[in-house]
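Asker: Quick one: the structure is below, questions incoming.
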Amino acid sequence: MSKTIAINAGSSSLKWQLYQMPEEEVLAQGIIERIGLKDSISTVKYDGKKEEQILDIHDHTEAVKILLNDLIHFGIIAAYDEITGVGHRVVAGGELFKESVVVNDKVLEQIEELSVLAPLHNPGAAAGIRAFRDILPDITSVCVFDTSFHTSMAKHTYLYPIPQKYYTDYKVRKYGAHGTSHKYVAQEAAKMLGRPLEELKLITAHIGNGVSITANYHGKSVDTSMGFTPLAGPMMGTRSGDIDPAIIPYLIEQDPELKDAADVVNMLNKKSGLSGVSGISSDMRDIEAGLQEDNPDAVLAYNIFIDRIKKCIGQYFAVLNGADALVFTAGMGENAPLMRQDVIGGLTWFGMDIDPEKNVFGYRGDISTPESKVKVLVISTDEELCIARDVERLKNTK
């Protein structure tokens, strides 16, 4: 019996979940937000209770100390040594990491070097890893990479149609992201369908603030929508998704506020997508409220969002030469029935049909009609559990 913490650290946040392993029982979960800012918020949920504190938390090391002290203070653990492993979500593993690994100094250095592939994510993950290693140096730390699942893509899929020297010299290629989520929901879909994963062709749609769609052939990723960075693919909450790359130098020439490529990429990452087009929010709930009010910018943002997702799903039907099921997961994928309805409404030619009585908020499972040739599933993702499982598997290999 051991306890494992799954960590998802961002630049100013640290989301966590504590498991009793190998039973896979969730003992507590929480999030520390606004790290490095005034009025940081630490939230802990356990035994049906919710504790919230407003603090000044200056960095990730301080955040980890507060998290561990809270676990003792609220009686969730009696001592630090009850924790035998920590698993960290890392977005970009590049070509270096094809599977989860135990952290050492070299691994941490490589994660920091790979920040160029995920500038919004890897630096925060590295800070979280460093903090846990400083405070709990004797326990096993494991990195679980979003990109690992996509290392099964063929070369003709992951290479861009540019001179090959940019791949050879600079490793410019498609890496993908959200791999842990795509892997988990594909496994769960196979259970739900009562068929071996090795026989299935699945399209998995992770639709949250970040959006990625993956073509899964017999349990392996054969294509995915995110690319060299998580900026590629369909429209997202604050990210543009795919655009004509010639727009970048054009905007630098035209807009004095955009001084260089970094400014444009920052705009595409943080000020675009649903938020940028609507001028309202990156949250689909706010966009849907705008639809009810006939707000033209909300309508436009919503229509672009649906259009881009439909196109991406459609191309993966071609990649797989048909599919057995389409899986919706993540925040919007699980909780936005209107979005699911409108996406499927544009894909009926592929043989999909959903039951409106099942396509409602809170429902999980098969939402397709009995006649639907392609099953439509809503499955809650559980990246934290995948991380905890990998820690359990690797903690004795240090």
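Cβ coordinates come from backbone N, Cα and C, glycine included.
According to Swiss-Prot, the record shows the following:
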| type | residues | note |
| --- | --- | --- |
| ACT_SITE | Asp146 | active site, proton donor/acceptor |
| BINDING | Asn8, Glu383 | Mg(2+) binding site |
| BINDING | Lys15, His206, Ile207, Gly208, Asn209, Gly210, Asp283, Met284, Arg285, Gly331, Met332, Gly333, Glu334, Asn335 | ATP binding site |
| BINDING | Arg89 | substrate binding site |
| SITE | His178 | site 'Transition state stabilizer' |
| SITE | Arg239 | site 'Transition state stabilizer' |
Asker: Please identify which of Asp283, Glu334, Glu383 has the densest Cβ environment, defined as other Cβ atoms within 10 Å, among these binding-site residues.
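Answerer: For the binding-site residues Asp283, Glu334, Glu383, the Cβ with the most other Cβ atoms within 10 Å is Glu383.
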Asker: What is the one among the binding-site residues Asn8, Asn209 whose Cβ has the most other Cβ atoms less than or equal to 10 Å away?
Answerer: Asn8
Asker: Any idea what DSSP makes of Glu383 (Mg(2+) binding site), helix, strand or coil?
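Answerer: For Glu383 (Mg(2+) binding site) - judged by DSSP and reduced to three states - the answer is helix.
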Asker: Can you tell me which of the recorded positions Lys15, Arg89, Asp146, Asp283, Met332 is spatially closest to Arg239 (site 'Transition state stabilizer')? Compare CA atoms only.
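Answerer: Looking at Cα distances from Arg239 (site 'Transition state stabilizer'), the smallest one goes to Asp283.
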Asker: What is the total of other Cβ atoms whose distance to the Cβ of His178 (site 'Transition state stabilizer') is within 10 Å?
Answerer: 30
Asker: Including all protein chains shown, what's the count of other C-beta atoms within 10 A of the C-beta of Lys15 (ATP binding site)?
Answerer: 18
Asker: Among the recorded positions Arg89, His178, Asn209, Met332, whose Cα is within 10 A of the Cα of Glu383 (Mg(2+) binding site)?
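Answerer: Of everything listed, what lies within 10 Å of Glu383 (Mg(2+) binding site) (Cα to Cα) is Arg89, His178.
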Asker: Looking at the binding-site residues Lys15, Arg89, Asn209, Arg285, Met332, which ones sit with their CA no more than 10 Å from the CA of Asn8 (Mg(2+) binding site)?
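Answerer: So the list reads Lys15, Arg89.
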Asker: Have a look at the recorded positions Arg89, Asp146, His178 and say which one has the shortest Cα distance to Glu334 (ATP binding site).
Answerer: His178
